[in-house]
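Questions regarding the structure given below will be posed in turn.
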């Protein structure tokens, strides 16, 4: 049975998440990546090919104020162009994106003249196809309003394993619910549970020798929910392989 303190902590996390998804906040948005979004693939979160990760072109790079040193990777936002501040909006439209990349600051430029992602600005550098859903191409930059929303995913979570012997670097993608992994555990078929540590973005690491063992992962999102993906990687898994679970938030 879970302890009262753990239940209280989980309840508070869930309450904080629900509160965060209700509030609209002003920000700005630009676009990058080309008309086919091909240059948005990869990115600081470590997802690689965004189609394979389950995110497609509905993605954005976040400024420092939003990226939170990678802890916001996988977070979902609904964004709408603020028509009260510009005539460049496409009226009545909105788009939901996933945070997949980091928009670095450019301190050589003023924050209101090219240094759009400089702290403390809240800024989304969106893929071009997504941008053109809510604003006209010629605008370049528009004021927006955004709010965090639950992530709707197709299929289960995906685990990509890189690294080498005694070092498993696991990137977890296509995470539903809050979308943000706050803690992970790994278990080999011959081991107990081991806590993983965040390496960067959506990648978590373990320093155990697990070759030849099937792997189970336990994933906790930042609203306190926990899902276990049992034996998602078979005993003959290999580095650079991606393994899909039926489990989802």
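Cβ atoms are placed via backbone N, Cα and C, with glycine included.
In case it's useful when we look at the structure, here is the feature table from TrEMBL:
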SIGNAL    1-22  signal peptide
DOMAIN    42-156  domain 'Expansin-like EG45'
DOMAIN    166-245  domain 'Expansin-like CBD'
Would you list the DSSP helix, strand and coil counts for the residues of the domain 'Expansin-like CBD' (166-245)?
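Tallying H, G and I as helix, E and B as strand, the rest coil: 0 helix, 45 strand, 35 coil.
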What mean pLDDT score does the domain 'Expansin-like CBD' (166-245) have in the model?
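Mean per-residue confidence for the domain 'Expansin-like CBD' (166-245): 97 out of 100.
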